[in-house]
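TrEMBL has this to say about the protein:
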- 31: active site (ACT_SITE)
- 79: active site, proton acceptor (ACT_SITE)
- 31, 218: Mg(2+) binding site (BINDING)
- 32-36, 44, 48, 76-78, 80, 82, 199, 205-207: substrate binding site (BINDING)
Ligand code: FPP
């Protein structure tokens, strides 16, 4: 069983290794909308709307800073537990974003992919998502993945279930399951692993985001609320990332020689 039905886009290096300016993959937990609104005496919904504007700024900045893949966390499988009015507002955000920006994304060579479960989303929203993916499917200059109704554990379970079904139907054998094959069954299948995971807002958690994919990612936590996020914050995070030494579980050759 080669790859999943949602394994596109293909063609990217499967490893997480990338240098800035090449095909850097940055993932962001867009956190702090609620606190941003509260500090201003505004309803949380306005914090989320301001968050959409930050996303627009960040997509533009990312492309200028040499990022080729950007994955953002828009709605988690756990966010359904929020009050109904807030969930309704969060469900309206993709429409708000694509209505104003899809034509530009399409024109500027951005390929959009929405990660996560489609079950539970309204038919209208699924249509909006599918239109964004279809209209940008030919693009390959920049990849924008929006995790929406996404949970890392749910995504792993869905992938495991797909593989189990393939085995049960005789389309796959258990021994064919490798780390690489399994990665291809996730909703991120075909994308390189994130190099850098950023969480603004001062929280220091992964919150069920890209659990499998971030195995060797570097983490940068920033004390800025998402609606205030901009190019300068992304630049600072990338500069911090560039100071990190990535060993992928190995050792630095010089240190091995020095010890011997
Ligand atoms: C977490 O902040 C943020 C969210 C649950 C929503 C994030 C969504 C956006 C920023 C806009 C996304 C746009 C698209 C196109 C999907 P929080 O509300 O938990 O903040 P808090 O921790 O301060 O309460």
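Each Cβ is built from the backbone N, Cα and C atoms, and glycine gets one as well.
Location within the structure of each feature annotated in TrEMBL.
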residue	record	Cβ contacts under 8 Å, 6 or more apart
31	active site	199, 200, 201, 203, 207, 225, 226
32	substrate binding site	47, 200, 201, 202, 203, 224, 225, 226, 227
34	substrate binding site	44, 47
36	substrate binding site	47, 50, 51, 225, 226, 227, 228
48	substrate binding site	33, 86, 89, 90, 93
77	substrate binding site	116, 117, 149, 150, 151, 154, 208
80	substrate binding site	87, 120
206	substrate binding site	29, 152, 197, 199, 214
218	Mg(2+) binding site	195, 196, 197, 241, 244, 246
CB contacts under 8 angstroms to residue 79 (active site, proton acceptor), restricted to the same chain and 6+ apart in sequence, sorted by sequence, are 87, 90
For a Cβ distance below 6 Å to any atom of ligand 1, name the recorded positions from 31, 77, 199, 206, 218 that qualify, or say none. 31
Around the Cβ of residue 199 (substrate binding site), the count of other Cβ atoms that are within 10 Å: 24
